[in-house]
Amino acid sequence: MTDKKQLRAEMRRAREAFVAAAPRALAVPAALRAMFRADMIVAAYVPIGSEADPAPLVAAARVAGCRVALPHVVDRQTALTFLPWDENAALVDGPFRLRQPAGDACPIAPELVLTPLIAFDRALNRVGQGAGHYDRAFAQYPHAKRIGVAWSVQEVARIDADPWDAPLDAIVTEQEWITR
Ligand SMILES: Nc1nc2c(c(=O)[nH]1)N(C=O)[C@@H](CNc1ccc(C(=O)N[C@@H](CCC(=O)O)C(=O)O)cc1)CN2
Ligand SMILES: Nc1ncnc2c1ncn2[C@@H]1O[C@H](COP(=O)(O)OP(=O)(O)OP(=O)(O)O)[C@@H](O)[C@H]1O
């Protein structure tokens, strides 16, 4: 637990230094573009701080005819839901500096989840914020594709997966598409 806490602090610092050094943007990997289908529900996120911004991936998903959803969070304990995010729809302030849809829409089931993370390894394990929001969402939607979105500096040699961790199917960074 302390290990993960320390890792999170270190990786947040690395991410901030990386983004401060030069502005970056993600390109859309062909392999990801090929996964998008018309009417597929793709969950994205609005970045907090120095997180990698999935906006180019979201734009490609919309061009492919996907429906986009965003996580909606109430607090650390409560499971997140995914709510529809129509293009240009207004967002409201949520906890943890999040921007999210207002909580009054009906939740929808994502088929592909663009997933924020703090650290990842080559075996496609991830460490997140530690609230278990995505771990629980992956358990709830086991058939959804899990695509990590990160800066390359968030890679670590090895993450010891916990029993509840579901590995990612692939990771997008500004440098590469990492998959099995
Ligand atoms: N952009 C984004 N949206 C997301 C997540 C995320 O990691 N990133 N989540 C992932 O689960 C969910 C929100 N859950 C969260 C749970 C805890 C903390 C948290 O503890 N934040 C730290 C500060 C982190 C920072 O400054 O980078 C804190 O409040 O101390 C944040 C989000 C859904 N939406
Ligand atoms: N399916 C689940 N149902 C209930 N609780 C879960 C489930 N999966 C994980 N959790 C709980 O959520 C917490 C996740 O902690 P962990 O340090 O693994 O978070 P994380 O890897 O940073 O992931 P996340 O991004 O999902 O927050 C643990 O306390 C764990 O017991």
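Every residue gets a Cβ built from N, Cα and C, even glycine.
Annotated features, as they stand in TrEMBL:
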{"type": "BINDING", "residues": "Lys4, Lys5, Gln6, Leu7, Arg8, Arg126, Val127, Gly128, Gln129, Gly130, Ala131, Gly132, His133, Tyr134", "note": "ATP binding site"}
{"type": "BINDING", "residues": "Val46, Glu51", "note": "substrate binding site"}
For Val127 (ATP binding site), what is the tally of other C-beta atoms lying within 10 angstroms of its C-beta?
22
Taking every protein chain shown into account, which of the binding-site residues Lys4, Arg8, His133 has the largest tally of Cβ atoms within 10 Å of its Cβ?
His133
Just the binding-site residues from Lys4, Gln6, Val127 whose C-beta lies under 6 Å from any atom of ligand 1, please, or none if there are none.
none
Just checking, which of Gln6, Gln129 (binding-site residues) has the fewest C-beta atoms within 10 Å of its C-beta?
Gln6
Could you check the binding-site residues Val46, Ala131 and say which one's CB has the most other CB atoms within 10 Å?
Val46
Identify, in sequence order, the residues in the chain of Glu51 (substrate binding site) that are 6 or more apart from it along the sequence and have a CB within less than 8 Å of its CB; answer 'none' if there are none.
Arg15, Tyr45, Pro116
Between the Cα atoms of Lys4 (ATP binding site) and Val46 (substrate binding site), what distance do you get, rounded to the nearest Å?
24
Measure between the Cα atoms of every pair in Lys4, Lys5, Gln6, Leu7, Arg8, Arg126, Val127, Gly128, Gln129, Gly130, Ala131, Gly132, His133, Tyr134, the residues the record assigns to ATP, and report the largest value in Å, rounded to a whole number.
20
Residue among binding-site residues Gln6, Arg8, Val127, Gln129, Ala131 with Cα closest to the Cα of Val46 (substrate binding site):
Gln129
Where the C-beta lies under 6 angstroms from ligand 2, the matching binding-site residues among Gln6, Arg8, Val46, Glu51, Ala131:
Ala131
What does DSSP call His133 (ATP binding site) in the simple three-state scheme?
helix
